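Asks: Mind looking over this structure? Questions follow.
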Amino acid sequence: MRSYAAAVATALILGLVGVALPPAAPKGAIPVVAAPARAGDDPPDREYKLPPNELVPTAVQALTDAGDVADWGHAVVGVPDAWKVTKGKGAKVAVLDTGCDSGHRDLKPQIVAARDFTGSRSGSSDVNGHGSHCAGIVLAAENAVGMVGVAPESQLIVGKVLGDSGSGLSSGIAAGIDWAVEQGADVISMSLGSPTEDARIRASIAAARAKGVLVIAAAGNEGPREGTVGYPGGTPGVVCVAAIDSALATASFSSRGKQVQVAAPGVNIRSCYPGDRFATMSGTSMATPYVAGCAALYVSRCKSLGVKPTPDDFAQRIASTSKDLPPSGRDTATGFGLVQPAKLLPTSSPVPDPKDPTVPVPVPVPVGDKLELFLPGLTVGGRPVKRIVLELEPKP
């Protein structure tokens, strides 16, 4: 029997290894896998596939005009409080997944760029459903139709890096990351994973972070065993997301590991689905866009204050503002705890260091008194500062 060369790929949606035969291979052909790559060779492409519990959505329903429906997670993490400050205006989020239903009424207004990296006949459209669901969690429009996302005024960059069956190659994912950065993405959301880290994806993530892009990825669905976090969730610099249910308990499927930084709603999450519908799905794939939506709110707030958002600042805010979940302290199940979008948002601009910090005072001021300085023309974050109040203390 004739044998055929096969391409080996490693699953970037949570951990299966696949062998792909060329289209011309007849039924029953024997795949022949090449020997391991030698030093200096290009790294092998890895295939990533969707976790089983995210492949079959439940409760698929038609979109209604009864108003925007907020998922249960919005109230649990405090999204309405964050909306008092921002709804994501000015932020761009790249969802790298199975594409997006560009005709969906809750997604169409948000899309600013779309590209396919899989060679799919359907282009960047979403036949699978996973990508549209993730995108809706981030930013489904507030338009009195169907759903509303975490950051409904942010914009969507669609990178189809997983094919219609839910699998894709690491080279395509790395290219998708690079392209998203070129399109001006502030946040990249990846609900995919593999047990093995890919060098190309790691390099693309590092380059994205160097340009100030926040990278969010799923921990994986291999729980409750310890040490099961996949990649790119486990890649340094990535915000690794676990899933909790409506009782704030860690989802049984959520991967555990020291790389986990934060948790978000990921069980029975209702969001957009192809065909102008919505559906309920579960997985760390759903928790990840929740955090990506929170990241969009953070970016939007920073921009409104004239502050540059950075991956390191966002990670520090995740660590300091997340709601601790049992057991006490950072743990391998939920990291620092449940994301709190309202607390993530900067409250004011940092005051820049003056060129000359010395302000002459023409009259003596007793210790303990307050001195008001009126500085016409001074602005912080584009806003005028009317006065600065100093309380005088004796030198130590």
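Sequential numbering from 1, following the chain as shown.
Glycine too: its Cβ is placed from the backbone N, Cα and C atoms.
Quantities reported herein were computed from a predicted structural model and do not represent experimental measurements.
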Asks: Could you tell me which of the ranges 301-321, 322-342, 343-363 is annotated in TrEMBL as region 'Disordered'?
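Replies: TrEMBL lists region 'Disordered' for residues 343-363.
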Asks: So if I draw a 10 Å sphere around the Cβ of Asp97 (active site, charge relay system), how many other Cβ atoms end up inside it?
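Replies: That number is 31.
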Asks: Across all the protein chains here, work out how many other Cβ atoms are within 10 Å of the Cβ of His130 (active site, charge relay system).
Replies: 28
